[in-house]
Amino acid sequence: MSATLQALGLDASTAEFLQSVPEELVPGRVARVDKGLATVFTEDGPVRASWSSSLLAEIAADPQAGPCTGDWVVLRFWPDDRITLESVLPRRTTIVRAEVGGSSRGQVLAANVDVIAIVVGLHPEPNIGRIERFLALAWESGARPVVVLTKADLVGDADALAEDVALAAPGADVLVCSATTGVGLDDVRALLDGDATLALLGSSGAGKSSLVNALAGVELLDVQEIREDGKGRHTSVRRELIVLPAGGVVIDTPGLRGIGLQESGEGLAAAFPDITALAAECKFKDCSHVMEPDCAVRAALEDGSLPYRRYESWVKLRREAAYMARRADVRLRAQAKKDWARASKSYRKDLKPRP
Ligand SMILES: Nc1nc2c(ncn2[C@@H]2O[C@H](COP(=O)(O)OP(=O)(O)OP(=O)(O)O)[C@@H](O)[C@H]2O)c(=O)[nH]1
Ligand SMILES: [Zn+2]
């Protein structure tokens, strides 16, 4: 295993996969995708690559097959100095959000991430519902979610706020830090142990870029100017993979304003293990927890053991996940119909008597 690829976050399974790749192909990790080109970090430094024709064909069939930040890829260097991205290696984890434009396919934000830090500023006061939404997305990805509460220097009761957040984040660690004073940064750094890949997810202005800069110890990313109301401007289109001098890789995703859920329901179940466990106790298997008798979820609401705010948040996310699943279903059926039409057409052609 090359020292450089290891510094880029190469894991054992990808390293093994690379053994089977033809020698003339060069491995690398995608740092950024823009204008139809990928910036790829290789052992010999960064290069810009376009898509090979076979990759283009794959993308036509499945847009998610296109390279994204964090992907491991192999490149071909041509005699005329062109560089093409030949293929994307199997992804260990993927952070997928529902497409903003309305297609039912998700957009892959980042791949091969070990830990997802949901970055939330402590000032203005955190929106718990939004954290729960990020957690569902993070659990669905296969990576380990952690909530990182930043801007601790701006509030007097950071630990009390962290306790509130922890109640909404079962199974996930909640860290408190400040990019400005450096307090708590060692705990965030520990997430990168073993050259792990850490992706930062959060709303615009949450403090992601400031956190990356603080972790790196240098100014790598532009930090946006703060607005009067304490919220950041919505700026970023950039998405970067940063190799930290002390080891580990950070992926800074763009500030997400609205993030749609694109998921099987597993992420939601993992983000709400309390409600999932209650639902298993309901009298009816398909209980909607709205009006059925002997509903354990409603019983917990009534005796106060399940906060109403959390229940509402879950109902909202569940409705959204169900809607996305229905849309995906419609798309699959439309595709199946197309495939069938194509197959039967070529079948009819075969039946035609030959001249
Ligand atoms: N006091 C204080 N301010 C912070 C801290 N971290 C970030 N800020 C400020 O919060 C604002 C937004 O920070 P950014 O790091 O640009 O936020 P971002 O999450 O990268 O935002 P996008 O680029 O839109 O994704 C900036 O004005 C920062 O100076 C912190 O720990 N303490
Ligand atoms: Zn129920």
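One is the number of the first residue shown, and numbering goes on along the chain from there.
Using the three backbone atoms N, Cα and C, a Cβ is placed for every residue, glycine included.
Unlike curated entries, TrEMBL annotations are predicted automatically.
Record features, source TrEMBL:
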BINDING   Thr150, Lys151, Ala152, Asp153, Gly202, Ser203, Ser204, Gly205, Ala206, Gly207, Lys208, Ser209, Ser210  GTP binding site
BINDING   Cys282, Cys287, His289, Cys295  Zn(2+) binding site
DOMAIN    103-259  domain 'CP-type G'
DOMAIN    111-257  domain 'EngC GTPase'
REGION    335-355  region 'Disordered'
* Asked: Given the Zn(2+) site residues Cys282, Cys287, His289, Cys295, which other residues of that chain have a Cβ within 8 Å of the mean position of their Cβ atoms, reported in sequence order?
  -> Leu278, Ala279, Lys283, Phe284, Ser288, Val290, Glu292, Asp294, Ala296, Val297, Arg298
* Asked: What is the interatomic distance between the Cα atoms of Cys282 (Zn(2+) binding site) and Lys208 (GTP binding site), given in whole Å?
  -> 41
* Asked: Are there residues of the same chain, six or more positions away from Cys287 (Zn(2+) binding site), whose CB falls under 8 angstroms from its CB, and which are they?
  -> Ala279, Cys295, Val297
* In the structure shown, with every protein chain counted, which of the binding-site residues Thr150, Ser204, Ser210 has the densest set of Cβ atoms within 10 angstroms of its Cβ? -> Thr150
* His289 (Zn(2+) binding site) in three-state DSSP notation -> coil
* Asked: Can you list which of the binding-site residues Thr150, Ala206, Ser210, Cys295 have their Cβ under 6 Å from some atom of ligand 1?
  -> Thr150, Ala206, Ser210
* Structure fact -> Rounded Cα distance, in Å, between Thr150 (GTP binding site) and His289 (Zn(2+) binding site) is 36
* How far is it from Ala206 (GTP binding site) to His289 (Zn(2+) binding site), counting Cα to Cα, in Å? -> 34
* In whole Å, how far is His289 (Zn(2+) binding site) from Lys208 (GTP binding site) when you measure between their Cα atoms? -> 37
* Just the number: how many Å between the Cα atoms of Ser210 (GTP binding site) and His289 (Zn(2+) binding site)? -> 42
* Structure fact -> Among the binding-site residues Thr150, Gly202, Lys208, Ser210, the ones with a Cβ under 6 Å from any atom of ligand 2 are none
* **Neighbour count (Cβ, 10 Å) for Ala206 (GTP binding site)** => 25
